[in-house]
Amino acid sequence: MKVVEVKHPLVKHKLGLMRSADINTKDFRALATEVGSLLTYEAATDLETELVEIDGWCGKVEVERIKGKKVTVVPILRAGLGMMDGVLEHIPSARISVVGIYRDEETLEPVPYFTKLANDVEERLAIIVDPMLATGGSMIATIDLLKKSGCKHIKVLVLVAAPEGINALQAAHPDIELFTASIDSHLNQHGYIVPGLGDAGDKIFGTK
């Protein structure tokens, strides 16, 4: 499995701001979008382009365009919605597929409750967004759903990832690509990433 920890100074700076215990909802939400945008930029570096001829201001000119790669962005509800706009800034024509999965606080197992995928998801590159890759359970379940629907090309964007989640994802889906702003230290006894971001969903939505 390809794992990319994006070490750009802007990514590290913005993620550092997000780690503050007293960050407000407005700033956390904005930074989640900004870091999601920067991760998208990194994840899109291998998209193929082709030359097309257009009418320029001084006549015909050849320009590069993305070559026939259709995209669907897949936010995992609910926290993934906080990163979705960062992807759409660069790929505004992407279709939106939604997967609702929550983690049982006692068993830490993923529990699916809603799925609405793009009609032609099997023809698209799926970019899954979720702030945290902790145990990996929710992400693995989401990828399972996408593959069962025929999706073959999948990339994952997360703000922070735990080694435990990366290992689980590698074991379950070695063919996907993972892009993260940080590989953090470990999971604590409650299944939270350390140092992590706290509860990203609560911080994005202003709930507790």
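Each Cβ is built from the backbone N, Cα and C atoms, and glycine gets one as well.
Going by what Swiss-Prot states, the 5-phospho-alpha-D-ribose 1-diphosphate site holds Arg103, Asp130, Pro131, Met132, Leu133, Ala134, Thr135, Gly136, Gly137, Ser138, Asp199, and the candidate of Arg65, Arg78 recorded there is Arg78.
Using a 10 Å Cα-Cα cut-off from Ile193 (uracil binding site), the binding-site residues that qualify among Arg78, Met132, Ala134 are Met132, Ala134.
Note: the CA-CA distance between Ala200 (uracil binding site) and Arg78 (5-phospho-alpha-D-ribose 1-diphosphate binding site) rounds to 10 Å.
Counting only same-chain residues at least 6 apart in sequence, those with a Cβ under 8 Å from the Cβ of Gly136 (5-phospho-alpha-D-ribose 1-diphosphate binding site) are Glu164, Gly165, Ile166, Asn167, Ala168, Leu169, Ala172. In this structure, the C-alpha atom of Asp199 (uracil binding site) lies 11 angstrom from that of Arg78 (5-phospho-alpha-D-ribose 1-diphosphate binding site).
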